[in-house]
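These come from TrEMBL:
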type: COILED; residues: 20-47; note: coiled coil
type: REGION; residues: 122-156; note: region 'Disordered'
type: DOMAIN; residues: 403-608; note: domain 'FtsK'
type: BINDING; residues: Gly421, Pro422, Ser423, Gly424, Thr425, Gly426, Lys427, Thr428; note: ATP binding site
Amino acid sequence: MPESTKNRVMEIRAGLSHALGAAQIALHRAQDAAEAAEARYRRVTAAAKARKRKLADARDGRTVEITAWHDGELAALVGVAAAAADRAAPGAAGEPWHRWEATPLDRPAELRVGRLILPEAPVPARAGDDDSGDRAAGAWASRPGEAAPEPRLDDTPPEVPALVALLDHGHIVVEGDDHRSADAVVAGLLLRALGTSVPGAVQIVGYDPENLGGGLAGFAPLAPAGVLAFVGPGGLDKLLDDLVGHVRRINETVLAGEYSSLRELHLATRRRPEPWRVAVLLGGPELSRHERSQLDRLLRTGAACGVHLVIRGLPVPTGPGIEFVLAAPGADARIQSAGALPVQLDPAPGPSVVTATCRRIAEAVAAGPAPVALDSLLPEAGSEWRESSATGVTAPLGDSPQGPRVMVTLSDYPPHALIAGPSGTGKTNFIYAWMGALAARYSPDELAFYLLDFKEGVSFARFAPGRRDPSWLPHVRLVGVNVNTDREFGLALLRFLGGELRRRADAAKQHEVTNLAELRAEDPDGSWPRIVAVVDEFQVLLSGRDAVSGEAVDLLEDLARRGRSQGIHLILASQDVSGIEALWGRPALVAQFSLRIALPRARRVLAETNAAADSLPRYHAVVNADSGAVEANRVVRVPAAGDREQWSSLQHRLWRRRPDGQGPPRLFDGDVIPKLADSPDFREMQATESPAAPIALLGETIDVESRSARTVLRRAPGRNLAVIGTRMDEACAILATAGRSLAAQFGPDGARFSVVCLDPDARAAAEALHARIPGSGWYDAEGLNWLLEDAATEATASWPADRPHFILIYAADALPGGKAAGDQLRTILQQGPERRLHVLGWWRGAALLRESLGGPASRTDSIGAWVALDVHGSELSPYYPGQGAPNWYPRPWRALHFDRSVHRGAEVIIPYGNA
Ligand SMILES: Nc1ncnc2c1ncn2[C@@H]1O[C@H](COP(=O)(O)OP(=O)(O)OP(=O)(O)O)[C@@H](O)[C@H]1O
């Protein structure tokens, strides 16, 4: 083989071996790469698996978390909804029946009819429960991860009540065939509406033509109190008309364009002047066109005026403010406002709860509203006495049910007031409240009160100082209490006011003015307060056809007519229709009393057709400044002024501000026996050498000023005094008064006093007088002849005595000594006074006195003055010259005094007590 071939083979071999080596290297590399790739593949696969696992775990964890959060949210929402429902329907509006009780709220609430059936809400687990513990705790949080609230300790989820809005909101229509559930809804709604409002604030009227009210039978206890009324089967038409009428009236007069609804009015003023009127319409025949349109009107406009309908069995279209309740058993019930959520309706309230609640409401309504305090009528403390009475006196008397205060004025018009109210309806309280409101506004320089109460009792005595309270109302100048038998005191007041009227009229004439306002302007320094004279039970003064009532009516008429322009105002009050009737016969007089005030059930004080007082609630009054015309009625709720504490605090406040030197009012109490020592006339008496006209006081006159009745024993014929009657105590009291007052005017030995006692029963009294008059002589049956003889001589002497001699004889009719003694006494009576010898004797009968004077035909002019006790007027005619018999019906501790030298008619007096 050639070399070259060999070389070539060798080269090829070398080439091949090189190629083989390279291929092997490449193979190894490839194999390495394959291994590395495989390893990577395995790694990646493992990592992917691990990641998948992790993701699945994460997903599962998150799912658990989300589920827990959802459950929590749902449960929380249930809680929130339940709490919101609690707020919307607190107390009696939402409590379930087993623990229900009436709880009046200050504003209307939504009312529960059942409960909403919500999608299953999870049960929150208790702390410490198994693995769901954390989840459950988280479940009540509002967001995952936020702090969880305390878990609830009971495991029932809160119930969410199904609520409907009625009062101040709208109407409710109950639909569905399940009568039982529907009845339960209606009864429940009514009870809740009643139980959430103040008694009387919800009034129900029921129209139940099919069951004749049976559907509302449980509520019957409300009927007597006027809280529930039934309308008969044919009454729907009228009922709807009435309700529409209410809506119209409330719109016009209560809301009056100022508010759009009673609810708004209440929010703005906190007053609720009208009740809610809930009409329950339970089916019936098809509505007439008129009824339909009235019903539609009410559905549209009623709620704003507190007129609400609860309807069953009448077709009602949907509309704003109308809630529909589908009554059905189990979970098939619905309420429209809850959409598709099923509702489980509550059962009906138990009959005992219904009855008991209705009874309590009826009782509360019958008892009337809680009283308002007197303070509500007063200006703020410190701002009293700021008003001027120049043109009149004005004060609030209380709030009207509509809200604003009712102000009442006495002025030129209306000048006088007539108040009527049967006993116990608060007439006296009304007067107190009015006086309090006036007294707080006008100072005593602006206003003066004269008060007279003919009722038994001491109702006005609180204005005068008493044993318990020494203060007085500074405006009060006179208080007469227990004057029911002392009508003369009423007359005295009218006479006094008549005098004041003349004084004012004269002053007005002098200043050439015509009324008080002008007089005050012309005479700014004068004292011209308005005078308000209050006479409670004034009919007592006018009763009887005697001189007292005759004069009283004349005086009243004059005062009523002319008092208006002179600032003298009369307030006459009476509980008795006859009192008002006593005035009715005097139309001119009645016409002056244009301010009329009627308390509940007062009759005849308003105009004949005005029946407003018949339906007045307790503690209310109709105030009418136009003689009782219906249009002028204003109803007022009168505050309680009878409360002593409240009254005292006002009186003390005003009393501390009283003008300097202003003393207490004159208090005339007909039940109190006056004392001589308190008599201003007695206190003023002073001993003088020898008064020419000695005065014998006899008793207290029944008069506005405290005055003593007197007889003057001057040197003149007839100046003797006879006390006539069998009542020893009074007779002795009068003689003692006469003796003590006479003695008070003489110095020692200035006069001679002889005390003669011929009745052993009167001895103690006679001796007491003898002891009180130093130097007086004492005579009884034994020593008397000497005195008579001496005195008869004295009486016939031709010269007048140097000093007077007063012979006080107790039981002068028992004179011993027969005719001689009788003649001597007559001589003394007839001739003594001219020689300053006067007899003050007590005869135990008018006829006995006549005998002492010489028998039936004898003259009586030696008895110039007398005081009669239990002697009838007719027996006194011989001693009552030229005037027939005095009008006198004896009464305890009162006497009739007549002095022919000064009197036109006899006067009633009150003997001073023996003290
Ligand atoms: N507005 C009121 N608020 C609270 N209580 C009142 C009110 N008015 C009257 N009363 C109470 O009613 C009772 C009767 O009142 P008052 O004495 O004023 O009646 P009256 O009509 O004058 O009766 P009478 O003529 O029999 O005395 C009293 O106990 C009084 O406190």
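Glycine residues also receive a Cβ, built from the backbone N, Cα and C atoms like all the rest.
Summarising the environment of Ser423 (ATP binding site), the number of other Cβ atoms within 10 Å of its Cβ, over all protein chains shown, is 10. Around Lys427 (ATP binding site), the same-chain residues six or more apart in sequence whose CB sits under 8 Å from its CB are Ile419, Ala420, Gly421, Asp536, Ala573, Gln575, Leu599, listed in sequence order. Summary for the binding-site residues Gly421, Gly424: the Cβ-based neighbour count within 10 Å is maximal at Gly421. DSSP assigns Thr428 (ATP binding site) to a helical segment in the three-state reduction. Of all the binding-site residues listed here (Pro422, Gly426), the one with the fewest other CB atoms within 10 A of its own CB is Pro422. The C-beta environment of Thr428 (ATP binding site), restricted to residues of the same chain at least 6 apart in sequence and closer than 8 Å, consists of Lys455, Ser459, Asp536, Gly642.
Long-range neighbours of Thr425 (ATP binding site) (same chain, six or more residues apart, CB within less than 8 Å of its CB): Gln575, Leu599, Pro600, Arg601, Ala602, Arg618. Within 8 A of the CB centroid of the ATP site residues Gly421, Pro422, Ser423, Gly424, Thr425, Gly426, Lys427, Thr428, the other residues of that chain are Asn429, Gln575, Leu599.
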